[in-house]
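Colleague: Found this in Swiss-Prot, in case it helps:
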BINDING   117, 121, 305  Fe cation binding site
BINDING   140, 141, 142, 143, 144, 173, 186, 277  substrate binding site
């Protein structure tokens, strides 16, 4: 048994959790977890304001950790390690969580594990589904990232596709802003889409059918803006048509990845905040079945940013003997596949 404290503060959720990992079997349970959302603070701005986010993390993180430890019925001395997000993300928020983790690790003389936030998402399906084995094909979809990767093990990622412009979650958020649906945009668009006709508005599917492995959503976002300005269609129809077009793009790229991935993939896995979208899950399930695979997706509460996934990634790393020095640096950019070539149009490693 290993008790891991997970700390997450990379964007606009402050989170802490205690994970109980059952040693070499790597089955785990969430002993306690808490999440504080900053939605109300950022809603007037239509998106996340980094300074507001960092201040909010600093205000609530320490008392939250004390509360989570109390919920778990343990003290700092009972922990086996402390895992904190070290990037990528908004650097102010990342540093709040990482510095807090370092201080606790030093005070309690416990190992520190600096976790890549994206690896937290990538490994979270194994927390929800212990039978999931490496290697698997991962679709990682969130507000800042849209990637397809082969996951061969902890720290072993091969990127097959990424976005050349907007991430999928960013496209959802911008569509919500265009339609006046507020923040956070993803859930708002999904709710409104249920009331609309997904075939009502003829929106483009960028790069679909081209054989291009990478994603592009900027043109779709622009088409949504033109549809709104035209005033011909209602917001529900625009939302439904956007969601269907976005899903069609994702299915097209994921199909390409399934056909070009290394042999032996055990499952198609989806993770990240947008993985909570029910329509996307349904489409991916059908795609996985057509390729003789099962779809593995965490429950919605583990799709959005949380500390349980950080604690779990820490548990997986600790089981392999991976720990970090107390002077480990925060990283605003931290690709899972550090050997991946720069992407055309993006200008950076995504």
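Backbone N, Cα and C define each Cβ position, glycine as well.
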Colleague: Find the one among the binding-site residues 117, 121, 305 whose C-alpha lies closest to that of residue 173 (substrate binding site).
Modeller: 305
Colleague: Determine, for the Fe cation site, the additional residues of the same chain whose CB lies within 8 Å of the mean position of the CB atoms of 117, 121, 305; present them in sequence order.
Modeller: 8, 10, 11, 85, 118, 120, 142, 272, 306, 309, 310
Colleague: Just the number: how many Å between the Cα atoms of residue 143 (substrate binding site) and residue 121 (Fe cation binding site)?
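Modeller: Between the alpha carbons of residue 143 (substrate binding site) and residue 121 (Fe cation binding site) there are 12 Å.
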Colleague: Go through the binding-site residues 117, 121, 305 and tell me which ones have a CA within 10 A of the CA of residue 140 (substrate binding site).
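Modeller: Taking 117, 121, 305 one by one, the ones whose Cα falls within 10 Å of residue 140 (substrate binding site) are 121.
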Colleague: Hey, which of the binding-site residues 143, 144, 186 is the loneliest by Cβ count within 10 Å?
Modeller: 144
Colleague: Of all the binding-site residues given, namely 141, 142, 144, 186, 277, which is spatially nearest to residue 305 (Fe cation binding site) at the Cα level?
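Modeller: Out of the listed candidates, the nearest Cα belongs to 142.
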Colleague: In angstrom units, rounded to an integer, how far apart are the Cα atoms of residue 141 (substrate binding site) and residue 121 (Fe cation binding site)?
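Modeller: About 9 Å separates the two Cα atoms.
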Colleague: Check residue 140 (substrate binding site) against DSSP and tell me helix, strand or coil, would you?
Modeller: strand
Colleague: Between any two of 140, 141, 142, 143, 144, 173, 186, 277, the residues recorded as binding substrate, what is the biggest Cα to Cα distance in Å?
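Modeller: Across 140, 141, 142, 143, 144, 173, 186, 277, the two farthest Cα atoms sit 17 Å apart.
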